[in-house]
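Quick one: this structure, given as structure tokens, is what I'll be asking you about.
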């Protein structure tokens with residue numbers, strides 16, 4: 001048992017994160033580690049923010065940066081009744097109301113500083129340096145207030161229950177916070193995903209603590225900020241339903257509590273729309289939020305429909321209505337086992353796996369997915385960095401790299417190649433994926449301590465690879481394929497007949513890896529259904 | 001799995017008992033900070049960027065004789081020749097894309113794009129590796145008992161927000177230049193004085209600002225290397241000749257002079273032109289943004305007195321009772337006249353500082369003051385040429401020149417902080433002055449980056465550096481064993497002072513941000529800078545006094 005505990009402590013042993021944070025092991029200085037992680041991750045986010053953003057200098061439509069700015073302009077200047085109606089072709093508001101309120105607050109704050117940034121119509125396409133700084137600042141602020149505290153609370157909660165050392169908990173938190181995809185999309189490309197994800201983590205935290213109604217409220221806030229959070233909903237539903245119906249027994253007050261909290265918070269979010277614009281305003285917002293008129297996939301995305309579209313031209317063969325139906329069937333079939341497993345085994349350690357499996361099946365099989373949606377499955381997957389099982393850590397780090405890789409076409413378009421490269425190397429290096437480099441290629445006196453240099457020679461795990469030889473093969477060959485595709489994409493022109501060939505290869509590889517990972521999460525769920533949090 | 005558990009078990013066992021096999025490597029710090037520095041490439045850079053680009057162009061395109069004559073751009077070459085050679089060396093690596101981008105064009109104002117920026121930023125990052133190498137050698141060579149303290153100190157230098165702000169955002173090559181200075185300091189530590197002389201001379205030939213530290217090196221080398229009092233007995237004046245170790249003197253002089261020769265020989269025919277470039281005395285007492293030194297306080301006092309005397313004429317009458325007119329203006333009207341004169345002319349352009357109430361300051365006076373305090377600092381080294389004494393005097397020399405020098409830049413604070421870092425690990429009591437000077441010094445660098453996009457980076461990075469090293473240095477500095485010596489000076493005050501820096505920075509930034517909306521606030525832009533420099537000047541002056549006290553009156557610390 002004693003040995004087992006020690007293993008728990010050193011989940012990221014032989015990683016630079018461990019080397020950096022281990023001097024702070026004494027009890028009196030542990031709190032420094034927390035501040036250092038948070039501040040350093042904020043510094044990195046700000047530094048990424050120096051780069052360009054989506055749609056910079058590309059009139060007339062610009063990109064996501066302009067969309068977010070435009071929503072601030074809309075909400076500050078127009079009455080609520082017009083928010084979902086105003087000049088729809090030019091970045092009309094198509095996110096749920098909480099995003100609109102969030103934009104409203106930030107827009108007010110911005111107008112306080114410089115009213116020109118959010119003048120109705122005349123401010124379109126504003127991209128001044130100070131405006132960019134302000135917008136970047138609002139993303140950092142939203143993340144620092146919501147996402148980061150939620151993640152740290154989660155890692156602490158899980159770590160404490162399992163006897164992980166505080167430094168181990170902080171290392172897990174750092175591994176999650178340095179997840180490159182979210183940083184690049186939020187602080188480079190420009191979006192506010194961290195708000196949605198942060199609220200979801202709060203919902204999970206509340207479930208861990210057994211506060212069911214607050215969890216429901218947090219989750220409602222999450223998907224009324226961005227509808228993508230609905231990818232999680234079956235699992236939250238299954239878990240809460242099971243907790244109030246069967247495990248351990250029927251619990252009417254809890255059921256009522258959850259129901260009332262959900263309805264009330266949902267009502268509260270939509271109430272302003274109804275009060276100031278009537279029912280048809282609410283319907284318009286719903287119509288805007290779920291645009292079924294668009295195609296089965298947008299751009300190129302690493303999911304089933306886009307990849308198999310190479311073989312079967314869906315848009316020619318089937319009508320949109322049929323496609324919607326098929327995608328719904330496929331998604332439900334994909335997520336149902338996860339739903340059932342969580343319903344019958346509503347255990348805390350099942351939550352991240354269940355959320356990962358469920359949201360991944362949405363990503364792979366549902367209608368109208370775009371490449372940024374991978375952030376949704378990536379959140380519960382990254383939360384698994386709390387695990388101390390080497391195989392789990394390896395899989396998580398692998399799928400993080402794959403996800404980052406599938407974002408490459410988008411990031412290239414945004415001109416964030418430098419940031420992509422730096423963050424990919426930095427995040428992998430921090431969690432020890434490159435630790436094999438250190439003892440082998442560095443002069444002896446340069447090998448850093450205490451962990452990397454002191455690992456005994458028999459300790460061979462100097463990069464995150466699972467024990468299973470098959471998985472090892474899959475992971476290494478996928479990395480090789482990624483390298484090849486990168487080289488092709490950067491230096492070789494695609495054949496004229498297929499201008500999107502490299503992007504398609506990217507998507508196909510991404511889909512393959514995501515699919516395998518999705519199966520693995522099912523395997524894990526099945527395997528862990530009778531285990532405890534201790535074995536996470 | 002079982003194997004791994006065993007290995008991890010072993011590893012944790014190592015943790016507890018064997019300190020000597022711990023490795024102190026800057027490798028991780030290099031990787032991590034390089035990642036951050038790469039991300040800073042697209043960020044803000046100052047005119048210094050174009051300055052260095054212009055030097056690349058000059059050294060690459062022109063024959064040597066024209067290097068110090070060429071004046072197409074206003075950013076003429078004003079560093080010593082070694083730095084010019086360095087620029088020439090760098091310019092050999094400019095790839096074709098960057099050349100096409102306009103990196104090597106001698107023009108009035110540089111026209112360049114991203115390729116040039118990436119290239120020049122990378123040269124800073126690569127040249128800074130020398131700093132890591134030098135400090136790694138220092139760590140490897142230090143005694144086991146000092147190793148962990150030296151490691152903390154070395155990592156504090158390589159991660160210093162000063163270098164990040166000045167080199168990687170503002171744009172200069174300080175990391176590389178200070179590496180040479182640090183190497184010469186380390187040579188003293190290992191009592192390799194000849195090497196020290198050579199390295200310091202080299203540093204001097206790269207950047208002549210190191211002249212400010214020269215008295216300390218001069219006295220140390222004189223006392224420890226050239227003179228020998230061990231067998232000295234005075235019988236007649238002839239014996240004085242025997243004090244001097246002539247062979248050492250010739251060796252040292254040979255090394256130093258040959259380095260100077262290599263540096264300046266190609267330019268021997270135009271020394272006056274070169275020297276006029278290196279020492280432009282036409283500049284004013286203070287920089288546009290007052291460096292937080294004594295003259296900032298002096299200028300501030302002058303402003304306060306002016307306002308007081310104009311608003312409350314009685315003050316003037318009262319003071320005239322004590323001080324005769326040539327030292328202060330004879331009447332209120334004269335004050336008005338002087339203020340008007342100050343406002344009309346081309347202030348700012350001439351860069352000439354003109355005091356209304358207080359006496360004017362001549363370059364000679366600043367020079368005398370600097371020299372006076374430097375001499376005070378080096379005298380103890382004459383009697384006791386130990387490493388600690390030397391570092392103390394070096395720090396105080398840096399302080400004296402920063403506080404009293406003519407036309408000091410805020411960036412020069414690194415001349416104080418770097419030597420001080422070598423000193424602070426030796427005693428806990430030095431920690432308070434050290435904290436004061438790093439906090440005030442680094443915060444005083446903030447106005448260098450005036451764009452809104454850098455605000456969070458500079459503040460958060462300095463904050464996290466402060467958290468790490470205020471903690472780590474406290475852990476590693478030695479507490480002196482006798483209780484009596486554990487008296488801490490103005491400790492609480494210092495912490496309060498440092499804590500107050502945060503609201504100061506935030507308030508000034510908020511005012512700065514509000515000027516987007518209220519044009520009126522633009523008038524007060526200078527006020528914000530003034531508050532910065534006054535507040536930081538207070539911290540740096542107190543740090544100087546604290547260190548001077550310990551240096552002069554606390555003998556056991558230096559044994």
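The first residue you see is number 1, and the count goes up from there.
Quick reminder: no glycine exception, Cβ is built from N, Cα and C everywhere.
Pulled these from TrEMBL:
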type: TRANSMEM; residues: A:32-53; note: transmembrane segment
type: TRANSMEM; residues: A:134-155; note: transmembrane segment
type: TRANSMEM; residues: A:167-185; note: transmembrane segment
type: TRANSMEM; residues: A:197-223; note: transmembrane segment
type: TRANSMEM; residues: A:230-250; note: transmembrane segment
type: TRANSMEM; residues: A:256-276; note: transmembrane segment
type: TRANSMEM; residues: A:326-345; note: transmembrane segment
type: TRANSMEM; residues: A:417-437; note: transmembrane segment
type: TRANSMEM; residues: A:469-489; note: transmembrane segment
type: TRANSMEM; residues: A:501-523; note: transmembrane segment
Using Cβ atoms and a strict cutoff of less than 8 Å, what residues sit near the transmembrane segment (A:326-345) while being 6 or more residues removed from its termini?
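That would be 234-235, 237-239, 241-242, 296, 304-305, 318, 351, 353-354, 357-358, 361-362, 364-367, 518, 521-522, 525-526, 529-530.
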Can you tell me which parts of the same chain pack against the transmembrane segment (A:256-276), counting only residues 6+ beyond its ends and a CB-CB cutoff under 8 A?
79-81, 83-84, 96-98, 101, 212-214, 216-217, 220-221, 224, 240, 244, 282, 285
Under 8 angstroms, Cβ to Cβ: which one of A:32-53, A:167-185, A:469-489 has the largest number of such pairs with the transmembrane segment (A:134-155)?
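So the stretch in question is A:32-53.
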Under an 8 Å Cβ to Cβ limit, what residues of the same chain, 6 or more beyond the ends of the transmembrane segment (A:417-437), are close to it?
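Result: 12-18, 44, 48, 51, 174-175, 178-180, 183-184, 188, 385, 393, 397, 400-401, 404, 407-408, 411, 452, 462-464.
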Who are the long-range neighbours of the transmembrane segment (A:469-489) in its own chain, taking Cβ under 8 Å and residues 6 or more past its ends?
391, 394-395, 398, 401-402, 405, 408, 412, 502-503, 505-506, 509, 512-513, 516
